[in-house]
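Look at Swiss-Prot and you will find 25-45, 60-80, 100-120, 127-147, 150-170, 187-207, 214-234 tagged as transmembrane segment, backed by sequence analysis. The annotation N-linked glycosylation site is assigned in Swiss-Prot to ASN56, ASN89 on the grounds of sequence analysis. Residues or ranges marked as motif 'HxxHH motif' in Swiss-Prot (evidence: an author's statement): 132-136. Swiss-Prot lists HIS135 with the feature active site, nucleophile.
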Amino acid sequence: MMDCRDASACQGVGSLCFFPYLNPLVSWHALVLGHLLYLFVVFVMRSIMRGRRALNMSRVLVVYNVLQICLSAAMAINLSPPLKNGVFNLSGKFCPDIEFWMFVHYCSKYIDMLDTVFILCKKKEDQLSFLHVYHHCTIGLIWGILLRNGLANGTAFFGTWINSSVHFLMYSHYLWTSLGYRNPFKFLLTKIQMLQFSLCILHAILVTLLDTQFTLGWNLLQLLYNASLLVLFLNFYMNSRGKGCAIEKKPQ
């Protein structure tokens, strides 16, 4: 990795460290308006679709799932080099390629909001859970805040890498089932998601104890956010056990 820096050179600058020209895309206006717009679209589309028939989104979803698989694979692969410094890359250098792909990951969270649009178009109201909306209207906000503070780097890569890897598995499943096939490993996917959040909680604890690059406030944000997702997914998993195995949030 070229032109890597110590974390101190990036922290507190109030900007992306290596790509400051991208700052407008993580400004407070962009973050707040982008996520408020998501909630507005959810409200409006629910009203519009209430008196309409469900739309056939089969072909659109095949294309969408293929694109999501490719994007997730690209992010997971390009964010994997820091793994050679240990799973969590504790006290790792801040490098431009990590920041770039973490920015791509942040942008992908807006693309992921199309999951909700497809759910509403198909009138799958049972999939529009609190967990679904909560996740989509917070995850991009958190990554954007890290980016705008120059902290989307170093050991922070882990959250984006594991999320991209899990999304690769998830969208592969949705593509497979959208083509009419059955996935015998479906029951594992919610467990893999919960493992992801558990590892992110462990990551936050280890960063607090062993890494001096991030303050306690940032570590608590990661810990509490992933703990909230773990609790919500666990509740979803327990409720779905009696109904057969289910997977949260994506339209098929």
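Note that Cβ sites are derived from N, Cα and C of the backbone, with glycine treated the same way.
The stretches the transmembrane segment (214-234) and the transmembrane segment (127-147) meet in space: the count of Cβ pairs below 8 angstroms, excluding pairs fewer than 6 apart in sequence, reaches at least three. Annotation for ASN89 (N-linked glycosylation site): spatial neighbours PRO82, LEU83, GLY154, THR155, PHE157, PHE158, criterion Cβ-Cβ under 8 Å with sequence separation of six or more.
Separating the Cα atoms of ASN56 (N-linked glycosylation site) and HIS135 (active site, nucleophile) is a whole-number distance of 25 Å. Long-range neighbours of the transmembrane segment (150-170) within the same chain, counting only residues 6 or more positions beyond its ends whose Cβ lies under 8 Å from a Cβ of the stretch, are 7, 10-17, 68-69, 72-73, 75-76, 79-80, 82-83, 87-95, 98-99, 101-103, 105-106, 143, 189, 192-193, 196, 199-200, 203, 207, 211, 213-214, 218, 222, 247, 250. Every protein chain considered, the tally of other Cβ atoms within 10 Å of the Cβ of ASN56 (N-linked glycosylation site) stands at 10. If you average pLDDT over the motif 'HxxHH motif' (132-136) in this model, you get 96.
Contact count against the transmembrane segment (127-147) (Cβ pairs under 8 Å) is highest for 100-120, out of 25-45, 60-80, 100-120, 187-207.
Between the transmembrane segment (25-45) and the stretches 60-80, 100-120, 187-207, the greatest number of Cβ pairs separated by less than 8 Å involves 100-120. Residues 97-98, 101-102, 104-105, 108, 111-112, 114, 118, 157, 160-161, 164-165, 167-168, 171-172, 174-175, 178-179, 251-252 of the same chain sit 6 or more residues outside the transmembrane segment (60-80) yet have a Cβ under 8 Å from a Cβ within it.
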